[in-house]
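> What follows is a structure written as structure tokens; I'll ask about it next.
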């Protein structure tokens, strides 16, 4: 059981910016104290991610190789069939994953056979004993309600960056539309998975601003993925330099302090980190990782590598329990 922690929804930009710029050891100590109080036991959730609909997206997100506006090697592919998706979910469950996330490269959910297939996938994933998460762009109230009825655990819809930096990253969807999507998901009774990306040319103040938006949601998102840009050839951000790994550690730590009971998920860009940097992220409060060899269209550490990482860090994950059963 987690201890009582102080949950705030009134964080100021100045407070968050000061945390991001505080001495690293002080920041890690504070994040550790919050994490131990709110989430004792160091249990790490393992989430597997599959691209159901790859490429051909109408959005122009500057970081994304799936956009039809860019010239990456990713091309539009047909949707995966329900059986193929559930077969992959079964493999993920057998490998020890807790959550199965499914992605559609869409601007918004489309009514019709594709949506009915999505609902079938959600039901099938839940029947396997896994949490089910979907990311597919904007949605209507009725679509959110039908997903909830199908058993959807979480809907992912990231903010990507701060309101101030947003227009330099995407022009085909407004920040307000993102916030409205989050509200529809919440009203349907589905939990939120919402975070962002660093390394896209934003300032420290932008990072603080994005975290402020997240931390002032009431309630906080249940899952907060922290991503580092994976610069892909053919996208507008292809030449963006890699971030210092300690910048990602700082983002994880501040997210943990601001949102004590949320799952802080170490997400895209993790493959660029060495083992020690990943363990620092776990120490800073990350309590979930994407587990499996790929994330949509980018690579991810191998399963055996992640098992070795978690063992070295001394943290528990569901595959430990499976092995002991």
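Including glycine, each Cβ sits where the backbone N, Cα and C put it.
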> 101, 133, 265 bind [2Fe-2S] cluster in Swiss-Prot, but which of 193, 216 does that record place at the same site?
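Site partner of 101, 133, 265 for [2Fe-2S] cluster, according to Swiss-Prot: 193.
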> At the level of the C-alpha atoms, what whole-angstrom distance separates residue 101 ([2Fe-2S] cluster binding site) and residue 61 ([4Fe-4S] cluster binding site)?
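A Cα-Cα distance of 20 Å.
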> Same chain only, sequence gap of 6 or more: which residues have a CB within under 8 Å of the CB of residue 265 ([2Fe-2S] cluster binding site)?
45, 47, 193, 195, 223, 224, 225, 226, 286, 288, 289, 290
> Report, in whole Å, the straight Cα-to-Cα distance of residue 133 ([2Fe-2S] cluster binding site) from residue 64 ([4Fe-4S] cluster binding site).
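Counting only the Cα atoms, the answer is 20 Å.
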> 57, 101, 133: which of these binding-site residues has the highest Cβ count within 10 Å of its own Cβ?
101
> I'm trying to understand the geometry here, so how far is the Cα atom of residue 57 ([4Fe-4S] cluster binding site) from the Cα atom of residue 133 ([2Fe-2S] cluster binding site), in Å to the nearest whole number?
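So the Cα of residue 133 ([2Fe-2S] cluster binding site) lies 20 Å away from that of residue 57 ([4Fe-4S] cluster binding site).
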